[in-house]
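**Student:** Below you will find the structure I want to go over with you.
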Amino acid sequence: MFYQDNFDVIVIGGGHAGTEAALAAARTGQNTLLLTHNIDTLGQMSCNPAIGGIGKGHLVKEVDALGGLMAQAIDHSGIQFRTLNASKGPAVRATRAQADRALYKAYVRSVLENQPNLTLFQQAVDDLIIENDKVMGAVTQMGLKFRAKSVVLTAGTFLGGQIHIGMENFSGGRAGDPSSITLAQRLRERPFRIDRLKTGTPPRIDARSVDFSGLEAQPGDNPTPVFSFLGKREHHPQQVNCFITHTNEKTHDVIRNNLDRSPMYAGVIEGIGPRYCPSIEDKVMRFADKDSHQIFIEPEGLSTHELYPNGISTSLPFDVQLQIVRSMKGFENAHIVRPGYAIEYDFFDPRDLKSTYETKFIEGLFFAGQINGTTGYEEAAAQGLMAGLNASLFAQGKEGWSPRRDEAYMGVLIDDLSTLGTKEPYRMFTSRAEYRLLLREDNADLRLTEQGRTLGLVDDVRWARFNEKVENMEQERQRLKDIWINPKSEQVDQVNAILKTPIAREASGEDLLRRPEVNYQSLVSIDGFGPALEDSQASEQVEIQVKYAGYIQRQRDEIEKSLRHENTKLPFDLDYKEVKGLSNEVVAKLSDAKPETIGIASRISGITPAAISILLVHLKKHGLLKKGE
């Protein structure tokens, strides 16, 4: 039977991708349905209880700048906050927070339940309604049919999910949750390129069975950093320490002696695991010269005794897991609350996606999250927001939008996925971005919030705060430009005390701030140079923009040169065999990828600058180049 109401957008899955997708579609005014197999697991952290990190924190800030949920959720549930790379330049600084799982999930559910235009419904989805290669809705486990103009699929590790603990394996999308077998089978009947990936999680430990006296405490930062541009430190719950222990030769001997019982090494698991989050057995074998590995002990929340030992993800049998855990300092009498496991699941080649996350084969169907071969909550959230936005635009009959590589890590993410694809779980790093000096955590709002407002993602509260910040920045920069000092000024001794070399000629406040030994706070402490801005976000921007002005301009000049043909459209039905001068290899790769633009085509492996020139000549010859391109 058909459900009585029709929807504009249906989102399947309630993880980090699904929740952001549903909220984005609803915020942009579309009647949205979120289908999940269990409403109680909305926003659940399936693996580590943390948000952010190098590259990942940048994505969270961008999601926030576009009105997304993740940053505010962690601000209200984070029990330890740190700035990584704090001593390095602003481009690679990153925020990371430990989360209270229960608080995080509760905050996410509360936001979802109170979002206008959003309906929640608990039922697993078994099939999609597709007519003439266009998605029309979804069918649930009990045969209930929902109609919609577009559908976003965010199935995580649930499609064909298989859990492994030693030689035992069973169907599951996550410990305690069933996998989506029927939906996986239905999707395999479609022309998608599908493969398997693997991820894993460590055993959870009862903190009451751990001796912390000999462990190294790892406190958070004080004052604590804030994730959301609307966040406040007062939102943070009680803060706690993490701890550090290490594996040792005994640990490694246990692992080596039991590799025949590892499903990964016995060939039972065929999916490729995450390179940057390997299992403990993988670390011991790949880094055989290391006699110890650092393990971070992370609390799972304020109201639970569970600990997450970050660094010993494993699929070894339970008895071996117990030996591994009890071989480490402080864990000699540890009690395992939940065993670790590996999970294999279906993923879809992301080269079959457009830059809007719409599939190339089925109109109106969008994919987001681990289904696209990524790993991590943050990568999932970023994809979810973009897929939800574009599903909304599709439902409205509007053109889709995605940021370029020089505009956001979100742009780097979809460009890497849709042009290069991936053979292993993809994780974001700052090193993946060519223009990372422009793509900092601190300026995510300056890069994206105005566009978010245009698209309908940014509400009045965020927009007012954004404009206030911009105004404060502009006024402060002008104020510093208007303050002058010379070697005969009364404050010259205060200035020279800060500078490495005495001031030799007249200089403005901005000139002084540009010098490496001067920071904003020391500058405004000089008589006549204060008072300091109360808006710390604005003052941080003033300092960064002044100090890095030359480098920033250089990157902008590089971008301007590279963008000349970046957005030149390539017809979807272009027959590359008819383009004279292209090699057979290039024809095959372009025909397979069907790139949307010249820019995307240029980043496909094996596509040479000469091939791009030939394409441009072909487009011009056939009147497909717009004036000025």
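Keep in mind that glycine also has a Cβ here, set from the backbone N, Cα and C atoms.
Reproduced below are the annotations present in Swiss-Prot:
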{"type": "BINDING", "residues": "G13, G14, G15, H16, A17, G18, V125, S180, Q370", "note": "FAD binding site"}
{"type": "BINDING", "residues": "273-287", "note": "NAD(+) binding site"}
**Student:** Could you tally the C-beta atoms, other than its own, that fall within 10 angstroms of the C-beta of R275 (NAD(+) binding site)?
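**Tutor:** Its Cβ shell of radius 10 Å holds 12 other Cβ atoms.
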**Student:** Whole-number Å distance between the CA of G273 (NAD(+) binding site) and the CA of G13 (FAD binding site)?
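**Tutor:** G273 (NAD(+) binding site) and G13 (FAD binding site) have their Cα atoms 22 Å apart.
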**Student:** Report the nearest neighbour of E281 (NAD(+) binding site) in space among the binding-site residues G13, A17, Q370, comparing Cα positions.
**Tutor:** Q370
**Student:** Would you kindly give the Cα-Cα distance separating S279 (NAD(+) binding site) and G15 (FAD binding site), rounded to the nearest Å?
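**Tutor:** About 23 Å separate the Cα atoms of these two residues.
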**Student:** Would you kindly give the Cα-Cα distance separating Q370 (FAD binding site) and R275 (NAD(+) binding site), rounded to the nearest Å?
**Tutor:** 15
**Student:** Would you count the other C-beta atoms found within 10 angstroms of the C-beta of C277 (NAD(+) binding site) for me?
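**Tutor:** So the Cβ neighbour count for C277 (NAD(+) binding site) comes to 19.
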**Student:** Hey, how far is F287 (NAD(+) binding site) from A17 (FAD binding site), Cα to Cα, in Å?
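**Tutor:** Cα of F287 (NAD(+) binding site) to Cα of A17 (FAD binding site) measures 34 Å after rounding.
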**Student:** Looking at Cβ-Cβ distances, which residues of the chain lie under 8 angstroms from G13 (FAD binding site) while being 6 or more apart from it?
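**Tutor:** Result: L35, T36, L153, T154, A155, G156, F158, G369.
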**Student:** Applying a 10 Å Cβ distance cut-off over all chains shown, what neighbour count does G15 (FAD binding site) have?
**Tutor:** 30
**Student:** Report, in whole Å, the straight Cα-to-Cα distance of Q370 (FAD binding site) from C277 (NAD(+) binding site).
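**Tutor:** Between the Cα atoms of C277 (NAD(+) binding site) and Q370 (FAD binding site), the distance comes to 15 Å.
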**Student:** Hey, what's the widest CA-to-CA gap across G13, G14, G15, H16, A17, G18, V125, S180, Q370, the FAD contacts in the record, in Å?
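**Tutor:** Between the most distant Cα atoms of the FAD site, 18 Å.
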**Student:** In which DSSP state, out of helix, strand and coil, do we find M285 (NAD(+) binding site)?
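**Tutor:** Going by the DSSP assignment, M285 (NAD(+) binding site) falls within a helical segment, counted as helix.
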**Student:** With Cβ-Cβ distance below 8 Å and at least 6 positions apart along the chain, what are the contacts of K283 (NAD(+) binding site)? List them in sequence order.
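**Tutor:** Same-chain residues close to K283 (NAD(+) binding site) (Cβ under 8 Å, separated by 6 or more) are K290, H293, G311.
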**Student:** Quick one: give me the count of other CB atoms within 10 A of the CB of F287 (NAD(+) binding site).
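**Tutor:** Its Cβ has 12 other Cβ atoms within 10 Å.
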**Student:** Where V125 (FAD binding site) and S279 (NAD(+) binding site) are concerned, what is their Cα separation in Å, rounded?
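**Tutor:** V125 (FAD binding site) and S279 (NAD(+) binding site) have their Cα atoms 31 Å apart.
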